[in-house]
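Visitor: Okay, here's the structure, questions in a sec.
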């Protein structure tokens, strides 16, 4: 009897010990204004640095799919998410907002391959106003700088949950809090119905502001410092960031710095494409123009998506004086005298060396880019890009270079110069790298190709030591800026007379180059930009 009891005790002890070892670790839980949230922990492998050949790891907390907005009413401004009872499960991503990839099929497939592969997890839905937080484990409240990401996609597609935008490595390695979020795009985010109040037409911008307000109220619970939030974005996301600078929310700035990658909102040509596209959508959907909103609200979202894609409709934000200033460039320049509400926070702005590559596939005619520019000016521009000059071997190279300078590189230069002239702390970069594992355009620093280096989400297969080194340098630069925007990214020069050049082909070269060396052709575009944006009278075309 005694032996049996002893054996039973041993078996019970071993079983209890085994169960204890198998018991999952408690999930990280935080309390925000809407209720309790349970996330997950994840161990992140940190690639070796230049000074160490060994990899390391760090554990972070991850909170996915947190609602920042209530399920939105179609074509209506967002509202904050209601409070919930119990603990919200933030272990997986929530649906992406409805995306639109326009025909023709070749262009559609390229956009999907470039910007939506691999796709965001889950489905698309209109109930999509959620965000994701990656935070250092056990971070004291308010101790970490915050990077809030605005995705790009031409205001037609995009998602805060794309694998490309995974914030785990950035948070783990750089000891910052990273937040990504969804906002409505295309017709669901930027409808063109004139019956909507002017301040309620850029719904996607209103979504962004609601997410920013959520961060201001709640990021403390995740270890983030609401006084050290840097907003950063690429392409349309960079334009969104710039629009926030020009028309900041009332009641105190909810951000301390801004990074604009390949985009801005100060030098864009307003058009009526959205209004025209809205009218076509109404007609194709069989809705009466006088009752368009009510009628379109009853049609399934996927049907509207298909119509918009087949008809190649365009829906984008328009200046409204509420979410996007009417004269943002002038407001930036006038902010030095306190004559505008422009947000005077430090900025880092830049572009990629081959921005126009995917936009100009198959184009060999410069008039496709310069058709609105007076002929004498267009001729001067074309003559500055002669065939046979460095990087311009074919007519397509010529068109690509002109488009990249006109749409990205030279506007970044002008925004940087304007900001510096207004006394705003300003830094500028140029991304000029391409590595062997690039999926598209070998040897090209094409539009959006820098994102994977900023987040460290580049393919590990085939990654070179130089790619790993440059990605670490960029992650560090972006995080340094977020930690103290007044000190910049740790390279280049304040006021942007010098540009921080990131990469040199497949080399991890980081150097500072005089802006005047990189910007010689921009003198051709500057008068057009000045005249269009109201800085000087004269021509309106750009």
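Glycine is no exception: its Cβ is also placed from the backbone N, Cα and C atoms.
Whatever TrEMBL says is automated annotation, not expert-curated.
Positions annotated as active site, acyl-ester intermediate by TrEMBL: 235. Positions annotated as active site, charge relay system by TrEMBL: 355, 447. Residues or ranges marked as domain 'Carboxylesterase type B' by TrEMBL: 55-484. TrEMBL lists 1-20 with the feature signal peptide.
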Visitor: Expressed to the nearest Å, what is the distance separating residue 447 (active site, charge relay system) and residue 235 (active site, acyl-ester intermediate) at their Cα atoms?
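Guide: Distance (Cα to Cα, whole Å): 8 Å.
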Visitor: 235, 447: which of these active-site residues has the sparsest Cβ neighbourhood within 10 Å?
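Guide: It is 235 that, of the active-site residues 235, 447, has the fewest other Cβ atoms within 10 Å.
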Visitor: Measure from the CA atom of residue 235 (active site, acyl-ester intermediate) to the CA atom of residue 355 (active site, charge relay system) and give the result in Å, rounded to a whole number.
Guide: 10
Visitor: Can you count the other CB atoms that lie within 10 A of the CB of residue 355 (active site, charge relay system)?
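Guide: Taking all protein chains shown, residue 355 (active site, charge relay system) has 29 Cβ neighbours within 10 Å.
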Visitor: Please state whether DSSP places residue 355 (active site, charge relay system) in a helix, a strand or coil.
Guide: coil
